Amino acid sequence: MASVRFTVTPTKAEDLPGLSDTSPDISSRSGARVRFGSRESVNRSDPLSDASGGAGTETPDHSSVEQGDGNSKISSVYINNSHCLDDDDFYDKNLALFEEEMDTRPKVSSLLSRLANYTNLTQGAKEHEEAESIGEKKKAGKSPHMGTFMGVYLPCLQNIFGVILFLRLTWVVGNAGVLQALCIVFICCCCTLLTAISMSAIATNGVVPAGGSYFMISRSLGPEFGGAVGLCFYLGTTFAGAMYILGAIEILLMYMAPNAAIFESKSPEGEGAAMLNNMRVYGSICLLLMSLLVFVGVKYVNKLASIFLACVIVSIVSIYVGALVSAFKPPQFPVCMLGNRTINGHEIDDSPTFDPSPAPSLVEKTTYLWKQFCQSPELNSSCDQYFTSNNFSEIEGIPGLASGIISENVWSSYLSKGDVVEKSSLSSSHLAPPASTHQPYVFTDIATSFTLLVGIFFPSVTGIMAGSNRSGDLKDAQRSIPIGTILAILTTSIVYLSSVVLFGACIEGVVLRDKFGDSVKGNLVVGTLAWPSPWVIVIGSFFSTCGAGLQSLTGAPRLLQAIAKDNIIPFLRVFGHGKANGEPTWALLLTTLIAELGILIASLDLVAPILTMFFLMCYLFVNLACALQTLLRSPNWRPRFSYYHWTLSFLGMTICLALMFISSWYYAIVAMVIAGMIYKYIEYHGAEKEWGDGIRGLSLSAARFALLRLEEGPPHTKNWRPQLLVLLKLDEDAHVKSPRLLTFASQLKAGKGLTIVGTVVSGNFLQSYGEALAAEQTLKHLMDKERVKGFCQCIVAQKPREGISHMIQSSGLGGMRPNTVVMGWPHAWRQSEDPQSWKTFINTVRVTTAGHLALLVPKNISLFPSNSEPCSEGYIDVWWIVHDGGMLMLLPFLLRQHKVWRKCGMRIFTVAQMEDNSIQMKKDLATFLYHLRIEAEVEVVEMHDSDISAYTYERTLMMEQRSQMLRQMRLSKSDRDKEAQLVKDRNSMLRLTSIGSDDADDTDGVQMTWTKEKTSHYRATHSGCSTPEGFRDMLSIRPDHSNVRRMHTAVKLNEVIVNKSHDARLVLLNMPGPPRNSEGDENCILHCSLVVLFWSYS
């Protein structure tokens, strides 16, 4: 075919040359379309002269130029527009070479246009309020405009700074000491910093919608891990809301309005329970009000966020200023001490006549404290021994920055529950009994330890995901998220570390260990250091904790809605719905109920370790996701944030895991069990999402590594196990003819090992591709129904025999190739409806033997029990005739692992000849089975030599006569071709004769390739039964002696097997192999049909 070359050059419309009349017909190709640009033309080597050059010459209008919108469009009569293409579609492209791909592959220009206009929409929920009422019109969407400072840095600061800083950090420093407190803060900050580095790498590897850590983990580790960790992060955020509310109520009832308590206790033992009840009541009311505010609208929460952030900043600044001022003018907060024991300041305040005299015996009038330690207000009454042995003293609660008190606060001072807060540097008499709770001491409410303090403090460093949650509002998210998040973590870390040092250097140790400030008359401990007044910290911390609680109640429902809308957890689907503007109403209701559980716990110290577990688990998987993506080197892993390394991610993951078990090992186990249950639930129901996750990449890498390891050496016999290739046949309606073959495969494998289910579709691959896909789907559906774990393979071939041969040769990969072929018995081999089945069967046997593979041939497979039909009794009989390497012994053992055959016994029969010692054979076989660790009954069957019966002789004779008759009556392929050529030549000669002669019947002079004589002679020589002589020759056939012996063995063996195994559930025996000469294939299939009772289920 001659090639046509087009040269496309830009030109003006008026300079357009004509088209040559000798141009090839470019419209002759069906379906082809030629497109040219609006200002481009086609130059030919022999252009016609311009129409204006020849006066008086009529030139046909070969081309016309249309002007429109400033663009020239050229329409040529030589271009076939038979497809009725629109002019814009016909002329708007100059990529004619790729025009057939335009329907499925977009142009680069259109692709870039769509990418440029891409908006990173929220996965699941709208992060911000767009319309609060139905009647309000939606405003025109503004482009993201927030920068690093306002969009990431400040939100992270607000979420990180929380209730622990104001209520528990001084207590942590007092119990752990400055050194261990610095260690606690440093470990927690390192954990969040390393997590932020990993998060920055994931967040800058593409667009991160407002799903936060859930989006990053699910898209990096898959839906199972994403759903499990996403729900853990949701529970952590929800319990964080409960913790913030409890902190706000604690500030309210302990420091702002102590008289607002509803429940009061008259005895000191009941004060703790009464306080918890007050926390429950006020906490529930506060939770309800906050939930209603979030339900009304997020925009109100966002407006209050700046106020709450200002409260946090002002409170922290007041602490630093107060610490500096204390170096010059310490605030006056005296602490009363009895010996080295701390006296409750509330009791002193209630005693207007208190006088800290050197000894109680010198006073003339008893005080309120005398009544607390003595039995009566009289001077001669009996008093507490410690009270009489020690003196009262007064120390400064805030010595100041220049006092050197840090030397006493460096080391830890852990206490047990009910211990009195003591100052070790003061002298006292230790020969006294333990203090009573009725005495006005400051007692510890819980036992403290390093691990407990880690769990309580860690929530104060969480909140690093606030920036990634706002990625939709950032002008440059891939730049702002890493910088803002890491700067926020560094800022808060510096604040925490410096606060630890300042608290240890400015505040007395007994005040630091006083959790609720009882020694300083009920003031907030950190407030005593603040400047100018403790109320700055009290009010600021109250509003900051309220704001943090609102933020948690706002973010948690949206996270749950994002998980529900991904539809990976079916029972959460209802929580994906909400109001018309996208607000998650149902998710907010569930969040409120779960937060109420945290409120009912009513203790800040008990709720904090719970959310610590959930946040640590979330951070652990963020680090794991980054490490996996880095080590797997996925082509899609190209983060803009380059300051990461897999070692940092693994270090962060290790710290997270260590902190989980350090803070609370039983909480860690519970959190892992919850995450594991969610993981298995998603895996069981089948996560249909495919996000190109790292776990799948890890599986691919592990599979590649394992396959390469298997190739290093030949497999050992100890590692041998049946890797099945199950050959199924489909009917005309694409239904599997023998589905019980898969039932057998599932019972044999018990869900383990390699199983490949294959079939062959007759035809051409280009034309039968759709049929092959349909067959593959049929196989997959049947595999799911039979619960067979494996792969399916469909091969398109012209002949089934060739397809089966190709499948046996090519199935599997490396060391995971099938070593056992399972195929059905050709039941219709005698009938003419399937004459090729026995040939396909014998050919498969030959191919399997050539490939050194085991072959399992079930007979009567339709009677095979299903997986729901266990056998309550019976036997599996094994007829061990020839040694096959142990396969026959292994099959019943594998089947008995399945519940269907578990209760069946095992019997092994072997055949002995006359010269064999049957008794010794039985002993040897029993010993052999003992070493194989197989329990079975053993029996040796003796087959005596006997004369060949007339039935055997007659059966063999009939077999050979039938085989010869079939060979003579069936024409080979060359015979059919010769017969067709005979008919064709005869007809062509008759036509030639009729043309050259008037007499159509005179054909004697025609010399044909095949004459009647030749045809008769050919048929006479090739059809022995067409004449009486041929029939007599067939009757005179004498059967071959080897065939007679084979038939005799088959008949005798059949009789013995039927006699011995008539009550067996399953009979397994060796199948005779095919003959070396292919001419005996028909005899082989008959011998096998007499012997093979494989899968004879009774």
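Placement of Cβ uses the backbone N, Cα and C atoms for every residue, glycine included.
The transmembrane segment annotation in TrEMBL falls on one of the ranges 225-246, 665-686, namely 225-246. Between the transmembrane segment (446-466) and the stretches 179-204, 225-246, 307-328, 487-512, 586-604, the greatest number of Cβ pairs separated by less than 8 Å involves 179-204. Take the transmembrane segment (147-167) and the stretches 179-204, 307-328, 487-512, 586-604: counting Cβ pairs under 8 Å, 487-512 has the most. Cβ atoms under 8 Å from those of the transmembrane segment (179-204) belong to residues 172-173, 213, 216, 220, 410-412, 450, 453-454, 457-458, 460-462, 464-465, 468, 471, 477-478, 481-482, 485-486, 489-490, 492-493, 496-497, 500-501, 504, 616, 619, 622-623, 625-627, 629-630, 639-641, 643-644, 648-649, 651-652, 655-656, 659 of the same chain, restricted to positions at least 6 beyond its ends. The average pLDDT computed over the domain 'SLC12A transporter C-terminal' (872-1077) stands at 66. When each of 281-300, 487-512, 586-604, 610-631 is scored by its Cβ pairs under 8 Å to the transmembrane segment (225-246), the top-ranked stretch turns out to be 586-604. If one looks beyond the transmembrane segment (281-300) by at least 6 residues along the same chain, the residues whose Cβ comes under 8 Å of a Cβ in the stretch are 128-129, 132, 241-242, 245-246, 248-249, 252-253, 260, 262-263, 546, 549-550, 553-554, 557, 583, 585, 588, 591-592, 595-596, 599, 602. As a summary of secondary structure, the domain 'SLC12A transporter C-terminal' (739-855) carries 53 helix, 23 strand, 41 coil according to DSSP. Within the chain, the transmembrane segment (610-631) has long-range Cβ neighbours (under 8 A, six or more residues past its boundaries) at 191-192, 194-195, 197-199, 201-202, 205, 213, 216-217, 220-221, 225, 229, 232-233, 235-237, 239-240, 243, 455-456, 458-459, 462, 598, 637, 644-646, 649-650, 652-653, 656-657, 659-660, 663-664, 667-668, 670-672, 675, 694-695, 697-698.
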